[in-house]
Amino acid sequence: MAFLGLFSLLVLQSMATGATFPEEAIADLSVNMYNRLRATGEDENILFSPLSIALAMGMMELGAQGSTQKEIRHSMGYDSLKNGEEFSFLKEFSNMVTAKESQYVMKIANSLFVQNGFHVNEEFLQMMKKYFNAAVNHVDFSQNVAVANYINKWVENNTNNLVKDLVSPRDFDAATYLALINAVYFKGNWKSQFRPENTRTFSFTKDDESEVQIPMMYQQGEFYYGEFSDGSNEAGGIYQVLEIPYEGDEISMMLVLSRQEVPLATLEPLVKAQLVEEWANSVKKQKVEVYLPRFTVEQEIDLKDVLKALGITEIFIKDANLTGLSDNKEIFLSKAIHKSFLEVNEEGSEAAAVSGMIAISRMAVLYPQVIVDHPFFFLIRNRRTGTILFMGRVMHPETMNTSGHDFEEL
């Protein structure tokens, strides 16, 4: 099973106090954000949800007017749509990925936290409910400890109590009027699960050539696989793409792995929305030997600089036009925090203790081997629509608790 939770915080303060939309727009947003994040964090893990960010920015657009709204629409790739048409698309897409009949679970929960006594336009509240199913809560931000506890409890309740301490009291003060919280929860079983008894301790070699010991899962099975050229002569100029579906085949994790001799940084500049589509269209179902780390990645991102780099700047200054949200013309967005957590394992959040190990060989085989023992790029996507739900990379896999497992080193 793989579990992924994604959580976003947007805080508003007062100074005086191909594919078609939305898939195409989200694909472009995904790649642009990824490139910005890798430029500012050379050797760090990356994890974010472009879907979550698109929904959060849709909420901000609902409250924006004039040049502020125009800037958001342009940066999000909505220029080809009629004004406001994007909200219907976002609502339909959100409803599709959270459908109860799906074989995976994906919940998107939104809430607007409002300072007691502060006026928010009724039409804005109605539109928030209509398009984003967003609730509204009144709080006293001057009581920052109580507010932080309240919001953290809300996040826990909407993520099966798996994520705690999203915000801290220092995120709020008496000048804070509004906080917009967006939480996404995803959980899915692999279509072909990894057997826990096949997991072994394995060396993961980082780009600086240091090594860390991690639990390495293993299975042979039929997966979507392809080899692609990176245009260089290093290590044959070939990299691997493996797509592992979740139950139901609608959602999958796509792994992109350079040859071990080639740092991931050499491959990353190639990543474009069109290339992601090419990978999806070119991989073929075949038998593959897969060695995949059992790992967790957790990351908190300050979205303010990232969004500014993408062209969204006005919402962060005192001249922001958010009069669709409130008649208070002094209001602007002061903080944007995006926190994500990813856990990938054999079959669940707690793998069963086992004994009786099965030997695993790295000798010659008749079909491809994908040995994920060095940094890799990944995304989680809807295979039917092509929509990217999550994107990231693993440079430093954090070892999960292996207590109770009799691992044997390969």
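Residue numbers in this text run from 1 along the chain shown.
Each Cβ is built from the backbone N, Cα and C atoms, and glycine gets one as well.
The annotation signal peptide is assigned in Swiss-Prot to 1-16.
Look at Asn157 (N-linked glycosylation site): DSSP puts it in a helix. Annotated N-linked glycosylation site per Swiss-Prot: Asn157 (among others), in sequence order.
Summarising the annotation, Swiss-Prot assigns N-linked glycosylation site to Asn321 (among others) and lists sequence analysis as the type of evidence. In sequence order, Ala64, Gln65, Gly66, Ser67, Thr68, Gln69, Glu314, Lys329 are the residues near Asn321 (N-linked glycosylation site), counting only same-chain partners six or more apart with C-beta under 8 A. In the three-state DSSP scheme, Asn321 (N-linked glycosylation site) falls into the coil class.
Annotation source Swiss-Prot lists N-linked glycosylation site at Asn401 (among others), citing sequence analysis.
What Swiss-Prot lists as O-linked glycosylation site is Ser403, and the listing cites experimental evidence.
The number of other Cβ atoms within 10 Å of the Cβ belonging to Asn157 (N-linked glycosylation site), over all protein chains shown, comes to 11.
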